[in-house]
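In TrEMBL this protein carries:
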type	residues	note
TRANSMEM	12-33	transmembrane segment
TRANSMEM	53-72	transmembrane segment
TRANSMEM	84-107	transmembrane segment
TRANSMEM	128-149	transmembrane segment
TRANSMEM	161-181	transmembrane segment
TRANSMEM	193-217	transmembrane segment
TRANSMEM	239-258	transmembrane segment
TRANSMEM	279-304	transmembrane segment
TRANSMEM	386-404	transmembrane segment
TRANSMEM	410-434	transmembrane segment
TRANSMEM	441-461	transmembrane segment
TRANSMEM	502-523	transmembrane segment
Amino acid sequence: LSVKQRTSFTLWDYVVFTLMLVISAAVGLYYGFAKGGQHSSRDFLVGGRSMTAVPVALSLTASFMSAITVLATPVEVYCYGLSFILTCLSFIPMVWISSEIFLPIFYRLGITSTYEYLEMRFNKATRLFGTVLFIIQTLLYTGMVIYAPALALNKVTGLDLWGAVISTGVVCTFYCTLGGLKAVVWTDVFQVLIMLTGFLAVIIQSVLVQGGVSVIFSDAAQGGRINILDFDPNPLRRHTFWTILIGGTFVWTSTYGINQAQVQRYVSCKSLFHAKMSLYVNLVSLWAINLCSVFCGLCLYSVYKNCDPWTANKVSAQDQLMPYLVLDILRDHPGLPGLFVAAAYSGTLSTVSSSVNALATVTATDLISPYFSLSEQQLSWVSKGLNIFYGAMCIGMAGVASLMGGLLQAAISIVGTIGGPLLGLFTLGILFPFVNSKGGLAGLVTGLSVSFWVCIGSQIYRPLPESTRPLALETHGCNFTMTEHITSAQPWLADSWYSLSYLYFCPVGTLVAIAVGLIVSLVSGKNHFNIIY
């Protein structure tokens, strides 16, 4: 590949990118005003419970396949090898657990917010605690999701960083506020298709440039990237068969089984059958997007196997490698770099819109409805006001995200650290009838304390290379000199507890919450509340 690098967008790239934003906004306008608009808060928050399986399935995929999947998963494969593809296996138990254990209960109860269940099963305090935790988790995660593509875009195309952050936030807030859940679901469908198209553009061009799929695989094999079957049981190893299968199952179940953004979609389906089907169809689209992003990582390695742009200081962070590759191999095809950037942005829009919509829903249902007597019309207006408020909050959180490290890892750490203990709490409620509210709250608080301890420790003391095992990146094809990185001494906990694979933060939180909840309930007297089934 030539060294000549086009570092800015052409007019056609901007046209393709803007078109994606305009179509997303137009869907919001359509559902805001077509068919008489949104009549009630039920229309606005759960689509009038009239959605069907396929659009909901694609929306489920879009909500958590964000720009982080588009930009960070290929880099993960580029640096650490193909083992991340095992995530596809962890989706299978996740879909089964979510559709057979959690979904039927939430659906039959007809709840709008997942946390209503916590009050029915435990008490009001548990519900409030759960709601507040969800709001914190979602704001942190969404800040990362907005900031990630804006930074990569800024470095590669020169697009203004905070201009990009704010425009994303504004477009999302616009269609969430006007169109409610229906607008969010249908824009998600459009955005999943854009994400797949963006991936395919990169894959097809890489295969053409490199001379075939077999060349890409043989480069990967020579570079030690085909390292799927690593059965080392050591929990400090960052990615092995076990960390990805076990840790991944917990992380994704906490996301798909109990997270408001996802549960709100199931309960918007018109029947329990459609709700379950949406999860199984979502499995297929999750696989499609994950396989594409993993293969993009192999393409990235094949193109830069002899001259890593990061070590060569051509990009300032590894998260910029994908946009760098796109401008490198697609520079003679005006509009295609724009399509890839639109794909990254589609990931962002779909996640942010889900988050804003879910945040508005839990706030209206859990923090406002129980304490103020509002008419349907007033509740609908309050929900719209909350959408605008949370849209602004998410833009603010992007500023916080600009201070955090490695993308994929930080995102999964945030989701797992708070999602794990919450998953433990819901599991206690559903599977253990004798657990009481004291046990539930004690389990949640202890699980949170432990998972925050390990998460914050691992952010301060980065795990050693023996645990993370990055693969070699070559630079003999470049012409420059290298600088050595020096590591400092660490306390003993740093090499054991804080080096735990980030995928285990979630299972640790879940299991501690369940264990403490069971013990406290047995000691303090069994449950005297209604069991909700």
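Even glycines carry a Cβ here, placed using N, Cα and C.
Here the structure is a predicted model, which means the values were calculated and not measured.
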For this session: Answer yes if the transmembrane segment (128-149) and the transmembrane segment (502-523) have at least three CB pairs under 8 Å among residue pairs 6 or more apart in sequence, and no otherwise.
Result: no
Problem set entry | Within-chain partners of the transmembrane segment (441-461) [C-beta distance under 8 Å, separation at least 6 from its ends] | 122, 125-126, 129-130, 133, 404-405, 413, 416-418, 420-422, 424-425, 428, 490-491, 493-494, 497-500, 502, 505-506, 508-518, 520
Exercise. Should the transmembrane segment (161-181) and the transmembrane segment (386-404) be scored as in contact, given a threshold of at least 3 Cβ pairs under 8 Å and pairs 6 or more apart?
Worked result: yes
Exercise. Between the transmembrane segment (53-72) and the transmembrane segment (386-404), are there three or more C-beta pairs closer than 8 Å, counting only pairs 6 or more apart along the chain?
Worked result: no
Exercise. So, do the transmembrane segment (84-107) and the transmembrane segment (502-523) meet, by the test of 3 or more Cβ pairs under 8 Å (sequence gap 6 or more)?
Worked result: no
Problem set entry | Top partner of the transmembrane segment (410-434) among 12-33, 193-217, 239-258, 386-404, 502-523 - counted as Cβ pairs under 8 Å | 502-523
For this session: Can you tell me which of 12-33, 193-217, 502-523 gets the most C-beta pairs within less than 8 Å of the transmembrane segment (239-258)?
Result: 502-523
Problem set entry | Residues of the parent chain within Cβ reach of the transmembrane segment (12-33), under 8 Å, 6 or more residues beyond its termini | 157, 167, 171, 174-180, 182-183, 186-187, 190-191, 194, 334-339, 341-342, 345-346, 349
